[in-house]
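Got a structure here, written out as structure tokens. Questions coming.
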Amino acid sequence: MLFLRRIAVVFFVFTSFSAAQNSTCPLDFSVLEPFRRPKPDGATTCQYLLQGLRLLYSHHLRQTGSFLPPPESAASCWAALQSSVAGFLPRFDVRSTCGFQTPWISQGCMDITTRSQFESLIPNSSLATTAMRCNTSLESNTPCASCTQSLSAFQPYLSGPSLGNVSDCASFPSIYAAAFANSLGPTDKGTAKCLFQLDLASPTSSGANKVKVLVSSFSVLLVASVLVITAWFWYCRRKKSKLLKPRDTSLEAGTQSRLDSMSESTTLVKFSFDEIKKATNNFSRHNIIGRGGYGNVFKGALPDGTQVAFKRFKNCSAGGDANFAHEVEVIASIRHVNLLALRGYCTATTPYEGHQRIIVCDLVSNGSLHDHLFGDLEAQLAWPLRQRIALGMARGLAYLHYGAQPSIIHRDIKASNILLDERFEAKVADFGLAKFNPEGMTHMSTRVAGTMGYVAPEYALYGQLTEKSDVYSFGVVLLELLSRRKAIVTDEEGQPVSVADWAWSLVREGQTLDVVEDGMPEKGPPEVLEKYVLIAVLCSHPQLHARPTMDQVVKMLESNEFTVIAIPQRPIPLVACREEIDRSVSSSSGSGKLTSPTGYQAFSFGGDGPSGNTNTT
């Protein structure tokens, strides 16, 4: 009898263990079926899966009160996701293509797993504001903008490190709001579009319906043609009558925007020129907080007392308003804790000031990184703050490259475009030079724009722009942050020297830590400082193929292992010889390895990152 009892106990333990190992996934993947599927390319599909998983988390949270599936179900959840993708992309491997790791699907922000844990971190006033602003249909622009703006108040309380890129701290507010602040739930059309950038798919048509569509289309085309002809005759007559009347140049008429509205997907607020004049005290010089080649930046206050920044562009013409409108619309749709939020815009023609083009952004309290490194501020930044700024810059740029749709290449990353909030969280700003990367292209030729010392060699020489052009600029800014030396300085002989060449000369001689500013407060461990220097040198390598991607940079900076990607030998200083650059532009792999006093090993990534057998320098 005792023997049988022992067998029963062993059998129970074994079956329980097996059940835990093969726990079914609690996420309901059928929820994603009504939503439009992506085009068959890696970047778009990965973004769809990322946002789709977040919508599933929200649906799961609404049903169970838990944000994430249990860790023991991670494998089955990935298998279920793979099965759902196989229906429209049969050869697409979710984890290997998108870089997802198995545990990430059950890991989130600051170990938060339940609704009560999340709400305990956020002030009741912020939760109440979100419940009020988000509890409506979010299909149109105004309620969506109001809802997402209220969610930004959650971010200061969700600043912990994220273990993966599936459900990070930046995404938790949207997951929570869709589940509980909005009574319609995450699967509602407006909620999914506003908070997860997912559109419902159009219903499929049968053969008979297609015929009806063709007939209807022809009828609409015929009617439209008649209307166009009628409108043309009306326009000609109206234009002729206007020539016989004196021009009306009143201020009210002049301040009308050339663009009356934006598209349905934008969350921008359109300000009148008079509103902005009032907010900036008629563009008073005392309100100027920044100057640049594209115009001045003014501080001001909105009617509700909110402090904002107004960037006023120079030398504008109404003819460029369409491109301007498209650019700000795309920028406004990109939301991340390390990107400066765009609140609104203004386009107007006035009788005295001429054509105006202005964007309205959040005002940050600690100025720019340039102010703290090279401005009048005397206090040195301590290492913990510099480390936070470096990580924030990297995460913001990585999101522009791989989280935004379409991906955005900034083109003008520099210290003055890295703004710092009250917690010294970095905000990547100034998208005036942003260039949108067309799907399927590895590079594009464009008019070179940027700032001396920060522009990548292949871009400066040939105008060929890729995400790795931004990586180069990031490396230069990171070196400035570590050394407190400007991008371009003069040596003892009065010759210009780039900070990248100066840093490389020290690293090559085994003096890596000499790059770090003397007397830095709260200086970190030598091995950590050395890792950051080597990452900066790698990013600012003159050869394109040698640089990592921003995703790889984030992983290296966040890693507790003191490893770094292999660094190839650099060619001649500042800008490599044209033959080397030519080869670099058309190449996607390189080799080389850097030894260091603390004994770094090569940190290799799959994909397009540099790796392989190396030559020690």
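Glycine residues also receive a Cβ, built from the backbone N, Cα and C atoms like all the rest.
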Among the residues Asn165, Asn282, which does Swiss-Prot list with the feature N-linked glycosylation site?
Asn165
Run through the Cβ atoms and count how many others sit within 10 Å of the one on Asn124 (N-linked glycosylation site).
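For Asn124 (N-linked glycosylation site), the count of other Cβ atoms within 10 Å is 8.
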Since the record lists Arg291, Val297 as binding-site residues, which of them has the fewest other Cβ atoms within 10 Å of its Cβ?
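Minimum Cβ neighbour count within 10 Å, taken over the binding-site residues Arg291, Val297, occurs at Arg291.
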Which site among Asn135, Ile289, Gly295, Asp412 has the most other CB atoms no more than 10 Å from its CB, taking these as recorded positions?
Asp412
Rounded to an integer, what is the Cα-Cα distance in Å between Val297 (ATP binding site) and Asp412 (active site, proton acceptor)?
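Between the Cα atoms of Val297 (ATP binding site) and Asp412 (active site, proton acceptor), the distance comes to 16 Å.
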Please identify, among the recorded positions Asn124, Ile289, Arg291, the one with the smallest Cα-Cα distance to Asp412 (active site, proton acceptor).
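Answer for the nearest of the recorded positions: Arg291.
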If you measure from the Cα of Asn135 (N-linked glycosylation site), which of the recorded positions Asn124, Ile289, Arg291, Gly295 is the nearest?
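Smallest Cα separation from Asn135 (N-linked glycosylation site) among Asn124, Ile289, Arg291, Gly295: Asn124.
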